[in-house]
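Features of the protein shown, as given by TrEMBL:
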type	residues	note
TRANSMEM	28-49	transmembrane segment
TRANSMEM	61-83	transmembrane segment
TRANSMEM	103-120	transmembrane segment
TRANSMEM	183-202	transmembrane segment
TRANSMEM	208-228	transmembrane segment
TRANSMEM	240-267	transmembrane segment
TRANSMEM	279-300	transmembrane segment
TRANSMEM	321-339	transmembrane segment
Amino acid sequence: MASCVTGTEVAIRAAACRDGDAASHLKIVAVFAIFLTSVFGVWGPVILAKYFHGKPLYDKAILVIKCFAAGVILSTSLVHVLPEAFESLADCQVSSRHPWKDFPFAGLVTMIGAITALLVDLTASEHMGHGGGGGGGGMEYMPVGKAVGGLEMKEGKFGADLEIQENSEEEIVKMKQRLVSQVLEIGIIFHSMIIGVTLGMSQNKCTIRPLIAALSFHQIFEGLGLGGCIAQAGFKAGTVVYMCLMFAVTTPLGIVLGMVIFAATGYDDQNPNALIMEGLLGSFSSGILIYMALVDLIALDFFHNKMLTTAGESGSRLKKLCFVALVLGSASMSLLALWA
């Protein structure tokens, strides 16, 4: 359990860093810097997809970006969000009170977040399996191999039925990718809002100054991850703009909201109620992101993507490249934990 008693030297240093005016100026800088880097990160893969779609290496490049993104999301959840959630609920101002000292709520809420993401996945998969949402046009879906085995080899019938089957399969895959992108954005928005509100409530200029640079890089990597998923999902233009804009403005809006909360209540980022809210929301978003990274990004691509499961030297080389991208994504995001 963390101790509430701080040394004299630490207390003096903390008091010297608490400067409301300087902190407010730094927060304004943070709003614009984080917004611009978020736009750059999330729009990069989307713009590349628009101009290079249909090119020979397009599908492979998007897959490699998506594997890098999976590493970023996994590291975000396990190295950034989850430890901060545990730390918030372990603070002596929280953990010394009931019920917070009686039960590991951070782990419980993380599990609830992961199960919630699974429930959304199962519900949507069942909906698609019954032909909902136009995914299969109301037709029953079966694997291509099984469909071929049961077809009568009459002239024209085999080609027509197989083409319908392939179109149905492609549409279901697209719907799955859209679902992954939307649930992933929900988890990221939770996380980004927490970051913004915490920064907005802080009055410590010594903490805010290095956070601006660290969070700017953080938003670039996270934006690349989300942007890669959006680009692959094939949304309509309006939906793409909306999703990218939501990601770009969430952290800046969180900062503004945090400033408003501090002005209205006097709560800073060390207030017990603020720590409880930060810990619970962080745990929930961490559960969502862990599930999405492991199940809907890593497992789906490495074990079910045709380009990675194809036998031969080309498939093996691409699989190794994707694994390196996954490691680089997780390592890059983990490194940022030194500063943010």
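Including glycine, each Cβ sits where the backbone N, Cα and C put it.
Only sequence-distant pairs (6 or more apart) were considered; of these, fewer than three Cβ pairs between the transmembrane segment (103-120) and the transmembrane segment (28-49) are under 8 A, so the stretches are not in contact.
By the Cβ criterion (distance under 8 Å, sequence gap of 6 or more), the transmembrane segment (240-267) is counted as touching the transmembrane segment (28-49), at least 3 such pairs being found. Looking at which of 28-49, 183-202, 208-228, 279-300 has the most CB pairs under 8 Å to the transmembrane segment (61-83), the answer is the stretch 279-300.
As a quick check, the transmembrane segment (208-228) and the transmembrane segment (279-300) miss the bar of 3 or more Cβ pairs under 8 A, pairs 6 or more apart, so the two do not touch.
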